[in-house]
Each structure stands twice: as C-alpha cells, then as structure tokens.
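Per TrEMBL, the features are:
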- Lys16, Thr175, Asp176: ATP binding site (BINDING)
- Ser56, Asp143, Asn155: substrate binding site (BINDING)
- 282-365: domain 'PUA' (DOMAIN)
Amino acid sequence: MTRRQEITRARRWVVKIGSALLTNDGKGLNYAGISHWAEQMAQLRQRGIELVLVSSGAVAAGMTRLGWRERPTEIHRLQAAAAVGQMGLIQTYEAEFARFDLQTAQVLLDHDDLSSRERYLNARSTLTTLLELGVVPVVNENDTVVTDEIRFGDNDTLGALVANLVDADVLVILTDQDGMYSADPRSNPDATLISEVAAADKTLDAMAGDGGSLGRGGMITKVRAARVAARSGADTLIVGGRQDSVLTRLADGDNLGTYLWADQQPQAARKRWIAGHLQTRGTLVLDDGAVKVLTEKGKSLLPVGVKAARGEFTRGELVVCVDSSGREVARGLINYHAFEAAKIIGQPSAHIGELLGYRGDEELIHRDNLVVTI
Ligand SMILES: Nc1ncnc2c1ncn2[C@@H]1O[C@H](COP(=O)(O)OP(=O)(O)O)[C@@H](O)[C@H]1O
Ligand SMILES: N[C@@H](CCC(=O)OP(=O)(O)O)C(=O)O
C-alpha cells in the first residue's frame, strides 16, 4: 500500500476550491463545476465521509452581480465585491447540495479567530456540531474584516487552519492545474507532475515559485498550507478540479494530483501542540477519582472531579491539572472562564445550566483538548 492509499481510510475531509477553478477567467462563477463537485461530495457523504468545504469565489461572483468587467485594484472595492458575491456563492452551494437533501451552513472566519483560544474553541465546537448534524459547512474568509487573502489570493492557508481546527484526516486542494509540477507548467512545458512527497520536503519551495505578481497565491501557498495541515497530522492533496469525478476517484485511491504526506499522527501532533506551545493560565486540583479516569481511561475532565480552581483563565486557555499532592497529571484547554469554573467545580454536569444560567459543555476539559503528562 502506497502512502496515498491512506486517503481511502480518511473519514473527515476538508475540500478547498480555489478561485482559479471556481471562476470563468475571474468573471462569474463556474456553475457546472460547482454542480459536479456538489454531486461528488454528496456521494462521499453517502460513504460516511464528513466534509467541510472551504470555497473562494466571492469576489468573482460579486463582480458579476455588480456588473463590473475588470477586477478592481482598490482593496475596499474588492471587499465590497466579496460581500455581494458571498450571497451568490452560498446560494449556489445551498441549491446544489439541496438536490441531494444535504443542508449547508455558511461559516466566515479570519486568521485571528483561529489564533484566539476562545474563538478557536467556539469555531471548533460549531463546526464539529455541524458535522455531527450531517451538515456541510461552507467556509470562506471573512473578507469584510481582513484584507490579506483577497490581496494575495490565498484561501489555502484558511483551508489548512480549518483542517487543524476540525482534526481532518485530509486536506484536498482543488485547483486549475492537475497537481504540483517540478516547475510552473504555464511557463515550463517540460515540467513533470509530482505524485507523492513529504509536505516537509524543502525542495518543494523552489519548484513552487513565488506566486507571481498577479495577486494569485500560486503553488507556494499550497505547499505552506500542506505544512500547516501536517501539524495536526492531515495529509494534503493538490489536484486538478476539472478532472471528471475527481473527488470520488480520490476516495477510491486513484493516482491523481500530488499527495503531500504529514510525518506525524493526528492525535500526537495535536497533543504535542497543546503540551508545548501555550502558556498555562491556571491550575485545577483534581480528586483521586478524576486523576484515575484521566490517566488510566483517557476520559474528559468533568467539573465534579475538581476540588479547587486557581488562576485567571478564560475559555480556551491552557490550565494544568494537579493531584491532591500538587503533582501535575495533565494539561488542557478549559471550556469555561475562571469565574464560571468556580461555580461548577464539584458539581454534576447536569447542574451546569442551573448554576450558570446557560448550558455550555458538560466537560470542563474535553479529552480531545487534554494531554496526560505523567
Ligand atoms: N510548480 C507548480 N506546479 C503547478 N502550478 C504552479 C507551480 N508553480 C506555480 N504554479 C501556478 O499556480 C497556479 C495555481 O494557483 P492559484 O492561481 O493561486 O490557484 P487557486 O485559485 O486554485 O488557489 C497555477 O495555475 C500555476 O500557474
Ligand atoms: N476570499 C476571497 C479570495 C481568496 C482567494 O482567491 O484564494 P485562492 O482560492 O486561494 O486563490 C474570495 O472568496 O473571493
């Protein structure tokens, strides 16, 4: 089994569709393409694969709606076009997925949302809840509040951050070339398609070029995205979206596009990140029962098992869990602010609604966000 056969086992995919593919020469949306990808995604859903779609194309759709022939250069006009076009984009996806009885949801994010711990947890729980409900989230950059992506034409990074966010097994980047070549095939007709390579391979940088001057992200943003996706263990595929049945053929393990593999396992990567990269903001003292279920059974931490909470933490921040002798046993991202934790510790989760006035997560720290450190 070659490495790319791994994709036949992938249960959660992030599919990013780029502007180059979604638009007809940068003007208007490629409706036939969208229809074909939606049909394939519906087939993947039937095979039990969960999907998050990251779609560009708002600016192009907005230009058509506003009757603009030339892509504006002023950032605020691009932002206005994106705001108008996002309506058309989402309407098109909604109609196309509805043909297969699939619900869609619009999710607009920016990079700051994903670097703030609290917003990160909120975005993560919304997206995972949508997936549990069988909905296909359609994500785009929130172009009203940020400008880098429309300026540089890069939604690839967003795709990778979303892959990290939902712990995807694979990030599929659909683009206008059949994959990544040894050099830009537009200017190098002899360039050859790369089939499989480690995302971390440094030789890729020179082959991807610098993205050119047309405000297009090009291949370099895709290679970087593959490295970001690899941080949470997701493999990346860069593949030509115009090929017939491209998504279902990928799921069958067909040899299409370029497969950039991650060199670490998803869970290990995420836990390493939690353990190593964040500052701790507080301490929870656990009772013996909680220490046991965390360390021996790999369970989530419930408020009932916590005897004391110290520190000024907010939702999403890193806290240390210690046993009654003060020895660290675990650390993780907490679901509640310090003042809320103070009210619910020692209490059964069923009482959270009554104690706080709203029903949040039943765990103080979910096991996905927890690392045992002994
Ligand atoms: N090594 C390479 N292999 C393939 N394409 C490359 C390479 N280097 C640069 N490119 C360029 O990258 C373009 C795709 O990037 P981009 O236009 O940003 O697409 P998208 O909108 O799908 O993100 C291709 O059309 C191609 O001209
Ligand atoms: N978010 C913007 C543009 C982002 C963009 O073009 O990115 P990419 O598809 O990587 O070239 C849009 O929807 O038009």
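Including glycine, each Cβ sits where the backbone N, Cα and C put it.
TrEMBL labels come from automatic prediction, so no person has curated them.
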For this session: Report the binding-site residues (Lys16, Ser56, Thr175) that meet this criterion: Cβ distance to the nearest atom of ligand 2 under 6 Å. Use sequence order and write none if nothing qualifies.
Result: Ser56
Exercise. Other than its own, how many Cβ atoms are within 10 Å of the Cβ belonging to Lys16 (ATP binding site)?
Worked result: 28
For this session: Could you list, ordered by sequence, which of these binding-site residues: Asp143, Asn155, Asp176, have a Cβ under 6 Å from ligand 1?
Result: Asp176
Problem set entry | Ser56 (substrate binding site) as reference: those binding-site residues from Lys16, Thr175, Asp176 with C-alpha within 10 Å of it | Lys16
For this session: Taking only the Cα atoms, work out how far Asp176 (ATP binding site) lies from Asn155 (substrate binding site), in Å, as a whole number.
Result: 14
Problem set entry | Sparsest Cβ surroundings (other CB atoms within 10 Å) among the binding-site residues Ser56, Asn155, Thr175 | Thr175
Problem set entry | For the ATP site built from Lys16, Thr175, Asp176, further residues of that chain with CB within 8 A of the site's CB center | Ile17, Gly18, Ala20, Leu21, Ile173, Leu174, Gln177, Lys222, Ile238, Gly240, Gly241
For this session: Mind telling me which of the binding-site residues Asp143, Asp176 has the densest Cβ neighbourhood, counting other Cβ atoms within 10 Å?
Result: Asp143
Exercise. Over the domain 'PUA' (282-365), what is the model's mean pLDDT?
Worked result: 95
Exercise. Roughly how many angstrom lie between the C-alpha atoms of Lys16 (ATP binding site) and Asp143 (substrate binding site)?
Worked result: 17
Exercise. Residue counts in helix (H, G, I), strand (E, B) and coil for the domain 'PUA' (282-365), per DSSP?
Worked result: 28 helix, 24 strand, 32 coil
